C-alpha cells in the first residue's frame, strides 16, 4: 500500500471528507430543518468539507421532494459556501431523477449523487441511458453511486468507462468494493473516486481515491479527517491506527443498519435527531447497552 499525496481529483465539487447526513425529524414525523442545519454545522466543524443531503442515509425513499429541497435550502442559507452540498437525487425512475436533479440545481446544490436505479434491474445499456439522460438535464457535476447490495445491479466497469466520457459525470461513490476495478478506472479515466463503505476507506485511498462519503462520520468526522491527513503525509502506521480504532462503529452500523445506528448513537451523545420513518425502525432498547459500549470502544 503506497502512501502520501492523497488524490485531490474532484475535491472542488465533492470535497474530500463527506458524511451522508441523516435527515432529522420532529416527534410527529415532520422534517426538523433546524436540527438539520445544526447537525450540518456540527459536521463541518468536525472536519467535513462536503455533505450529502437526502441520500440513502438521509432516508431518501421516505422523504418528499419538497422536504429534500427545503433541507438543502436551509443548510445552504445557514452555512453558505463553507461546505460543498451534494444532493442525493437518484431514484429508479429516470424522469423523477431528472426532476429532482433540476430542483436541486436550482436550490443551490454544488453537485449530485445519483444512485443506480434499484428494484427494476435494468440492463447495462439501460443504466448508461439513464445516467446519460440525467447528466444531459443539468449543469452540475455528478457522482455515480454504485451499490449493488441495494440496487442488485452493479454498474459494470465498461459502463462506467463509457459514462466517464460525459463532461458532467465526474466521480464515483464506490460501495461495491472491487479495488482492482477502481484502480483500473482511476488510471484510465478522469473520474474522482470516493469510498462508500467505511471499512474500506483506507484501502480506497491506496488506489487513488480522493476521500470518503461516510456514515460513521456522523460520530467521528474528525478522525476521518485525521486518517486522510495521515495518509497524505505518508504516515501509514498512523492512518492504520485510526482506521482500526473506528472498527466498533463499523460493527455497530453493520449490526443495526446505518440510519438506525446513527440516529440512536447521536441521541446517546446528546444530539436528538428524531426517529427514522417507517419502514426503518428505531433501535431496539435491548441493543442500546451494546451500542453505548461500541461508542466507548471507539472513543466517541
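Just so you know, the numbers here start at 1 and follow the chain as drawn.
Each residue, glycine too, has its Cβ placed from N, Cα and C.
A quick note: this is a predicted structure, and the numbers were derived from the prediction, not measured.
Positions annotated as site 'Part of a proton relay during catalysis' by Swiss-Prot: 56 (among others). Just so you know, the Cβ of residue 56 (site 'Part of a proton relay during catalysis') picks up 22 other Cβ atoms within 10 Å once every protein chain is counted. Reduced to three states, the DSSP call for residue 56 (site 'Part of a proton relay during catalysis') is coil.
Taken from Swiss-Prot, the feature pyruvate binding site applies to 57, 213.
According to Swiss-Prot, the feature site 'Part of a proton relay during catalysis' maps to 119 (among others). Residue 119 (site 'Part of a proton relay during catalysis'): 10 other CB atoms within 10 A of its CB, across all protein chains.
Using a 10 Å Cβ-Cβ cutoff, residue 145 (active site, proton donor/acceptor) registers 27 neighbours. Per Swiss-Prot, the feature active site, proton donor/acceptor maps to 145.
Residue 173 (active site, schiff-base intermediate with substrate) is surrounded by 27 other CB atoms, counting those within 10 A of its CB over all protein chains shown. Per Swiss-Prot, the feature active site, schiff-base intermediate with substrate maps to 173.
A Cα-Cα distance of 18 Å separates residue 119 (site 'Part of a proton relay during catalysis') from residue 57 (pyruvate binding site). Here the CA atom of residue 145 (active site, proton donor/acceptor) lies 10 Å from the CA atom of residue 213 (pyruvate binding site). Long-range Cβ neighbours of residue 57 (pyruvate binding site) (same chain, at least 6 residues apart, Cβ-Cβ under 8 Å): 20, 21, 22, 215, 258, 259, 262.
Its Cβ taken as reference, residue 213 (pyruvate binding site) is surrounded by 30 other Cβ atoms within 10 Å in the chains shown. Taking only the Cα positions, the spacing between residue 145 (active site, proton donor/acceptor) and residue 173 (active site, schiff-base intermediate with substrate) is 5 angstrom.
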